[in-house]
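J.: Handing you a structure now.
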Amino acid sequence: MDHLPIFCQLRDRDCLIVGGGDVAERKARLLLEAGARLTVNALTFIPQFTVWADEGMLTLVEGPFDEALLDPCWLAIAATDDDAVNQHVSEAAESRRIFCNVVDAPKAASFIMPSIIDRSPLMVAVSSGGTSPVLARLLREKLESILPQHLGQVAQYAGQLRARVKKQFITMGERRRFWEKFFVNDRLAQSLANADEKAVNATTEQLFSEPLDHRGEVVLVGAGPGDAGLLTLKGLQQIQQADIVVYDRLVSDDIMNLVRRDADRVFVGKRAGYHCVPQEEINQILLREAQKGKRVVRLKGGDPFIFGRGGEELETLCHAGIPFSVVPGITAASGCSAYSGLPLTHRDYAQSVRLVTGHLKTGGELDWENLAAEKQTLVFYMGLNQAATIQEKLIAFGMQADMPVALVENGTSIKQRVVNGELAQLGELAKQVASPALIIVGRVVGLRDKLNWFSSH
């Protein structure tokens, strides 16, 4: 280990930055956030330093580097574009036993500054020891995507409860189990983020009053249409905290590879070699696993509340008193149309969009007269088997037979395939396409030749 990672308490302590440019400004911003009493010494200063000085946030000393400025300091940073000046600052600080950072010269520095993920009071620092700053930045960005923005508020609130937890729970094991359920409670985190004091208090009292082996919870997560990059940050956080993930065939392998490694996985979809699990059985799986105290993620393709039967699953949980929450996903209509160069709305062609299921409840019938109206885009989910009927009904109710249509197979994935044609051909076109696929009907389909971008990459 070439460097010892430490966190310095700099509040109301003197620090010096030598340099007045953009790099010095970035370093100054960090020290000011840490509460340092800051002096900046340079020949010239960019405007931001003058603004800070006018607001009384720091002191500016214009002119060449003055060693005497180091005397009261705990820490210094050399951030000029002159290597000789930076070396001078480093040597002067070293002789006074003051830690000094030299920008872009780790060998000349007595400390280096890491990439920081700030969820105050929780802080995460990432460093490559100065050997690969880009790698450290990329790791920081990955951690930024994983750690919720409101995590700091949760940590702050946890600090306020420590005395109460210590008083109520006698053993270390009990305290550990309490904190484990505290830090994964989405309702509490969201209430803190919303500054909803009433909800925070209610959730807190529930956490303290329920047994430590209480029933678990279910999180309904939309996985998006296929491309793992379209999974939301909150969705990613949930699948990485799950004890068990119940998923269907519309969830891509790339997304399943992001699930916590030691989480149990239960496949409930339909594909070669598997039978479709009835919806009622899926409901019971969610209920049973949550009642064991597990954190259950029900992972669905697209958005769980758009033809995903998410509402039915939650009704079962609600009736049983199981806590639940929902993380929406990018629905297939949005993802597949965007990846196919098909804007769902357009001021010249479509002033509205309709999302329609092609899989009707027994005895159901669609409002074909309104669906056949002009100036709109229709998106049919699960419509391949009904393509001939969709064609027949729309034409019968007045839609032009030459209306452009597109069928998007495996949308947003590297296997995406788009078949174009006219409404009069829809039944035949559907025979060329395999599920999962969407049917898009409307004048906007005619823009595909101009706006298609995904296949060209």
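Just so you know, glycine gets a Cβ as well, placed from its N, Cα and C.
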J.: According to Swiss-Prot, Gly301, Gly302, Asp303, Ile306, Thr331, Ala332, Met382, Gly411 bind S-adenosyl-L-methionine; which one of Pro225, Pro278, Pro323, Pro343 is listed for that same site?
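T.: Candidate listed by Swiss-Prot for the same site: Pro225.
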J.: How many Å separate the Cα atoms of Val23 (NAD(+) binding site) and Ala332 (S-adenosyl-L-methionine binding site)?
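T.: Each residue's Cα considered, Val23 (NAD(+) binding site) and Ala332 (S-adenosyl-L-methionine binding site) end up 44 Å apart.
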J.: If you take the centroid of the Cβ atoms of Asp22, Val23, Leu43, Thr44, the listed NAD(+) site, which other residues of that chain have their Cβ within 8 Å of it?
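T.: Apart from Asp22, Val23, Leu43, Thr44, the close residues are Gly19, Gly20, Gly21, Ala24, Glu25, Ala42, Phe45, Ile46, Ala79, Thr80, Asp81.
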J.: Cβ-Cβ under 8 Å from Ala332 (S-adenosyl-L-methionine binding site), same chain, 6 or more residues apart: which ones?
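T.: The answer is Pro225, Gly301, Gly302, Tyr381, Gly411, Pro436, Leu438.
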J.: What is the set of residues, excluding Pro225, Gly301, Gly302, Asp303, Ile306, Thr331, Ala332, Met382, Gly411, whose C-beta falls within 8 angstroms of the centroid of the C-beta atoms at the S-adenosyl-L-methionine site?
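T.: Neighbours found: Gly224, Leu250, Phe307, Gly308, Gly329, Ile330, Ala333, Gly335, Cys336, Tyr381, Leu438.
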J.: C-alpha of Leu43 (NAD(+) binding site) to C-alpha of Ser128 (phosphoserine): distance in Å?
T.: 32
J.: How long is the line from the C-alpha of Ser128 (phosphoserine) to the C-alpha of Asp22 (NAD(+) binding site), rounded to the nearest angstrom?
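T.: Roughly 23 Å, rounded to the nearest whole number.
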J.: When the pLDDT values for the region 'Uroporphyrinogen-III C-methyltransferase' (216-457) are averaged, what is the result?
T.: 92
